[in-house]
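TrEMBL annotations:
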type	residues	note
TRANSMEM	A:31-54	transmembrane segment
DOMAIN	A:100-289	domain 'ABC transmembrane type-1'
TRANSMEM	A:104-130	transmembrane segment
TRANSMEM	A:142-160	transmembrane segment
TRANSMEM	A:166-183	transmembrane segment
TRANSMEM	A:229-248	transmembrane segment
TRANSMEM	A:268-288	transmembrane segment
Amino acid sequence: MSSLTNWVQSEAMENRKESARRIAYRFRQNPLSLVGLGIIGGLVFVAIFAPYIARHPQDAGYMGEPAVDFANRFAEPSLAHPFGTDQAGRDILSRVIFGTRYSLALGLFVLTFAIGIGVPVGLVAGYVGGFVGQALMRLTDVFLSVPPLVLALAVAVPLQPSLRNAMIAIAVVWWPWYARLVYGEVVSVREEQFVEASRGIGASRLRIIFREILPNVMAPITVKFSLDMGYAILIGAGLGFLGLGAQPPTPEWGTMIAEGRAYLPAQWWYSTFPGLAIFLAVLGFNLLGDGLRDVLDVEVD
Amino acid sequence: MSDATDDRTDDPLLRVQNLEKYYPITGGLLKKKVGEVKAVDGVSFELGRGETLAIVGESGCGKTTLGKTVARLHEPTGGSILFDGQDIGTLSERELKPVRREIQVVYQDPTSSLNPRKRIKDIVAEPMTVHDIGTKAQRRERVVELLRRVDLPEDFRYRYPSELSGGQQQRVAIARALTLNPSLLVLDEPTSALDVSVQAKVISLLEELQDDLGLSYLMITHDLSLTKNIADRIGVMYLGKLMEKAPAASLFDDPQNPYTEQLLSAIPIVEESEAAYKPDRISIQGETPDPSDPPSGCSFHPRCHRTVDECSRTEPELVDVGPDHTSRCVHHDDTD
């Protein structure tokens, strides 16, 4: 018996190893997604260890107000300041490094909020259906009918411009996309017999929605999360650029581009390097999201 | 026991009376009701403890709806379902919860009836989780016991459904149905998604479980030959109505209804001995009619080989044609 047991167990483990191998294989088939994974890993690392990586953390406002060094203003990129310095003589590389923290935090907050609201709305609307479902989805449609950036502006303008309020504005814009994605998935999953089987066992609606259906819609949510991190960062930087997000001298990428715009083209490095950082972050999350889409074999949008 | 149970003549586990499940057909802008499909139309039967009743019919005849309505996965639109003396037809979802421990369903397609994202141990333990029964250790022990019961290695509990074959998945579905020691299993085509070789094993497992645990089975199937060995009694269903109901032996030896004759005739003969069951070969003609617009009179008359003029005018009632044997056909009146 024990040899049979061992055999069965090892076979199950083999199966699981096999599926891990398949995931690794599919990831390898798409080398760009590995690049994306590398970029994101790098950004997360930089964000966490920013004070140790940046040569001039005090220029980015680490432990106090950003330092100024007017003697050193508008230094061209050099070994001492690889990205140059700004109008107050602050090291732009250090500020870009700290900017990673703001952008990742903004993306995470926005999407946590969007998923926290949108996913339950989609789950309930999709499973319960009827009048409640219709009402929830029509409300969702109202939000979806306005272009995201325009709606985010409309929400941000009456609020005090700050990073926190920019996050709130974007989050308000973002949840309906998750509601709609999840709604579509739930409508097909709820017809599966295991949902009826669970009802036959006596499971409550809440249990069926969150324990039976939710695990089956996690894959598209994961893919969309990864793709959306890039877009959320982009919109956050956009609000910063328009002066509706983080305020100077906060080292937020969009805010820095807006500040540097006045000094183009002579001091080109001021706006260029924060812009490249945004580009890199958006690219990384997009590549990773595309890779995940292939690995998890789901359709989004 | 309540008063309602006192006047029972015998003590069936399940007594279904005049059960109806009508689906409205809506149309137009205002979703006005323009008609209805009588999926289950006045079905009555009894099911004793430890007994198997098979409901047989072609696809679309309402047999699955009947089974699921009895298990209260659907709400009946009329009639009553007396389970252990209690009418469960009108109970709310909350009131049904204790009843759900007693009635469990095994579905046709195990790949769909098991959640692909859950391990076998969580699937089999789910009824205990839902009804908040037992400690973690007790649940684990029960899962092992149940897997052994359905002849699966206990280590399968760490697997996901997709790592099992169809027959193994169906055994898991059976184990889940048994978790809370129910008294009635509704078996909805439990073998029709399986290979023929696996079918026989699952059927013999079900028979063994019935003997050991005293279960009652309401078995829904389109395969009359499958019922011969396992069913005590058989009901033949057509367009929402029972056409004939009889003990298995009488149904095979002495079918009274032309529809049953046709179904029996459609079973392929494998052994010579089986030929004895068969009336002269009669092939079923035509397709099942549109259930939203059933034929007048006897709903089977357009396809029947014994149709007379009267069939399209009067709808025959179920009449006694032998001991515990009823059938619905205009010809029964002639012979009286």
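Just so you know, glycine gets a Cβ as well, placed from its N, Cα and C.
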Residues of the parent chain within Cβ reach of the transmembrane segment (A:31-54), under 8 Å, 6 or more residues beyond its termini: 60, 62, 91, 93-94, 97-98, 100-101, 104, 280-281, 283-292, 294-295
Beyond the flanks of the transmembrane segment (A:166-183) by at least 6 residues, Cβ under 8 Å: 106, 109-111, 113-119, 121-123, 125-126, 133, 136-137, 140-141, 143-144, 148, 151-153, 155-156, 159, 217, 220-221, 224, 228, 232, 235-236, 239-240, 244-246, 300-301
Tertiary contacts of the transmembrane segment (A:229-248) (same chain, 6+ residues out, Cβ under 8 Å): 102-104, 106-108, 110-111, 148-149, 152-153, 156-157, 161-163, 165-167, 169-170, 173-174, 254-255, 257-259, 278, 281-286, 289
